[in-house]
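As structure tokens, the structure follows; a few thoughts come after it.
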There are 2 protein chains.
Amino acid sequence: MTSPQRAPGGFPVVGIIGGGQLARMCAAPAAELAITLSVLAEAPDAAAAQVIPSAPVGDYTDVETVRAWARECDVVTFDHEHVPADVLAALAADGVTLHPSPDALHFAQDKLAMRERMTAIGVACPAWAPARTAADVEAFGAEHGWPVIAKTPRGGYDGKGVRVVNRPEDVADWLDLAAQQDGTTGPLADGILLEEKVDFVRELAVLIARSPMGQAAAWPVVETVQTDGICTEVLAPAPGLDPDLAAVVTEAGLRIAESLSVTGVFAIEMFEVTDPGTGAPAYVVNELAMRPHNSGHWSMDGAVTGQFEQHLRAVLDLPLGSPTPRAPFTVMANVLGGDHPELYPAYRHVMARDPELKVHLYGKGVRPGRKIGHVNLTGTDLADLRERAGHAADYLTGVITE
Amino acid sequence: MTSPQRAPGGFPVVGIIGGGQLARMCAAPAAELAITLSVLAEAPDAAAAQVIPSAPVGDYTDVETVRAWARECDVVTFDHEHVPADVLAALAADGVTLHPSPDALHFAQDKLAMRERMTAIGVACPAWAPARTAADVEAFGAEHGWPVIAKTPRGGYDGKGVRVVNRPEDVADWLDLAAQQDGTTGPLADGILLEEKVDFVRELAVLIARSPMGQAAAWPVVETVQTDGICTEVLAPAPGLDPDLAAVVTEAGLRIAESLSVTGVFAIEMFEVTDPGTGAPAYVVNELAMRPHNSGHWSMDGAVTGQFEQHLRAVLDLPLGSPTPRAPFTVMANVLGGDHPELYPAYRHVMARDPELKVHLYGKGVRPGRKIGHVNLTGTDLADLRERAGHAADYLTGVITE
């Protein structure tokens, strides 16, 4: 393994475990700041390995591989949250600086632990409970109404490990697994997580950066639009959001960051709901992502400091940059893989149609439904921005051809 | 030489001859657009080689080295204008797509040819003439007043090859060389270039992108501030510039682009002067740079499309992006090497003092006076932006320590 090449002048090396698009998008701000990246990649053609000179291929679940790689890094951070606890523990024991820390990551890796902590610090959550038996599920449904949402506490992500449950039989297999794993460290050792199905107005997200010295900065609360369970669009800031709710949501995000000692950028996905008592707008927390997040891609072009620059500054304990938007609105539309594998020819069309369009592709092969890029548009007329961003994303995807 | 790794989906490889900061700053937009770069670098630790995976080391004056490297590229462009004519000719003969073309580059490499063409197309220039003898110099000074400016037509850049001349003896050595080189292809074979010393109000620059299909886009005219002959600050747009002069200057730039068939981004450095007849503001062209340019670094943060993204789009004949500024003013301040080699510790200060500051360092070792980076600030209060950008640049430089 060759050593990553440092810039002269005392500059550090930031290691990133995982070579996906989040690591890839750190490359631009790292180059600007003369910070060297070293990516532990899944493959030589991983998204990040295409654009970062130091990207050795290695298995992030193998303790010795990760330990050897981390020796060359001043700080280690993550492209994803799936690094096993024993690997994290070994790095910590070696004295490697990890951001976020294993203690913080625990709450992103274990949804039951997350719910317990959120509830303990007074953050609004859906009604929830662990369940080990069909009777537990039956009781929860009877109390909170059917259907309910069932989740595997560990190992689930991107919609996997989540089910809509109408009766206990719908999770009979998970309950069986939970019984088998009782007393182990398996994903279902503590049972499954049940949550009430929230009747929400829309989905929101708040993105926060926090540094080891405790400085924190929040971008404006955004609205995320999901299609078939995949985020397709982000509106920044969330249009028409009640200012009191924006303040409450941001304060909740900062409280979570502090309570969990999160370091780096992290995202809290929320539901906007209507308080059944007062009729006022309110929120409940849905999920945490302890890393830069799709809901923050707008910031790359729409904020003074984008999430990837901010993440690098945070994990290096440098002062944070301004999260202020550059314009009244930024719209991000995800580019999902479609039917045709040739992406580049679409550039002529989308760039000619819209000279303000900012295209970000990840160097990933096209597979239907796979997130392969996004586009950003910044301006003042939200409806116009949405139409244009949506058109560009659909054209790149191949959904529309004119 | 290993092949550069293409992104799947039909994406091209852009080759850049030279691994300096201009090549380096192409890395961020290339990654965003999934365009692969291959840099023919001077050294393994060249500015661009630190951040671009494909950066073989090779001598750009060696025909076979450059030919072998260029075979892997769909388009070849330049970090600098010093590639010898025989190398360019060999690439063209191989069918390599070069942007800008050798014919266009000729005018950036030969100041006499440039002055002839500018004059032929009616662009305002200082009075100028070639000189071969002391009598030529004497006659020019007698006509246009002493001192005059003498330049070596080829091979001079960054203030080298330029002299302020008070009498013919000041260029006796160059005249001797010119006599020796008469009939050869040496830098002084056509004599030396004399220009009147222009009594200017300030220096301006116009930055233009032009694509092979003939589309062109101009950023707003900027003011460049020089200290001891080195650009230290750029104000975008040039504050208080007469709108008629802005239009005339931009039109002149577009005319030059068209006449010279420039492709890619190029800069025209100008003097703002006062028309001695009418007293109205006017311009004369000082120099051309046929590549992205220091006077355009502000656009990386201050315009919808930065010059490096635009250069990639232009050389690939993709539709150009909008050059519209994001805010009323952007100030760029160059970071020049100072006395202390440790740059990174200064980040804590400058980032804490100014969360809006955008820092761009080039990974270059510190040498006094060397351009090692720049900072950008975007906003509405020009005086405030200048104070803040200047402070940050001076602090990074080590000129001030508080």
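Glycine is no exception: its Cβ is also placed from the backbone N, Cα and C atoms.
What TrEMBL says about this one:
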{"type": "BINDING", "residues": "B:Lys111, B:Lys151, B:Glu195, B:Glu196, B:Lys197, B:Val198, B:Glu203, B:Asn286, B:Glu287", "note": "ATP binding site"}
{"type": "DOMAIN", "residues": "B:115-316", "note": "domain 'ATP-grasp'"}
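Structure with TrEMBL features highlighted.
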residue: B:Glu195; record: ATP binding site; Cβ contacts under 8 Å, 6 or more apart: B:Arg115, B:Cys125, B:Pro126, B:Ala127, B:Trp128, B:Val148, B:Ile149, B:Ala150, B:Lys151
residue: B:Lys197; record: ATP binding site; Cβ contacts under 8 Å, 6 or more apart: B:Pro126, B:Gly145, B:Pro147, B:Val148, B:Ile149, B:Val164
residue: B:Glu203; record: ATP binding site; Cβ contacts under 8 Å, 6 or more apart: B:Glu223, B:Thr224, B:Val225, B:Gln226, B:Glu269, B:Met270, B:Phe271, B:Glu272, B:Asn286
residue: B:Glu287; record: ATP binding site; Cβ contacts under 8 Å, 6 or more apart: B:Lys111, B:Ile268, B:Glu269
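Spread of the ATP binding residues is 19 Å (greatest Cα-Cα distance among B:Lys111, B:Lys151, B:Glu195, B:Glu196, B:Lys197, B:Val198, B:Glu203, B:Asn286, B:Glu287). Over the domain 'ATP-grasp' (B:115-316), the average per-residue pLDDT in this prediction is 94.
B:Glu195 (ATP binding site) falls within a strand when secondary structure is assigned with DSSP.
Using a 10 Å Cβ-Cβ cutoff, B:Lys111 (ATP binding site) registers 24 neighbours.
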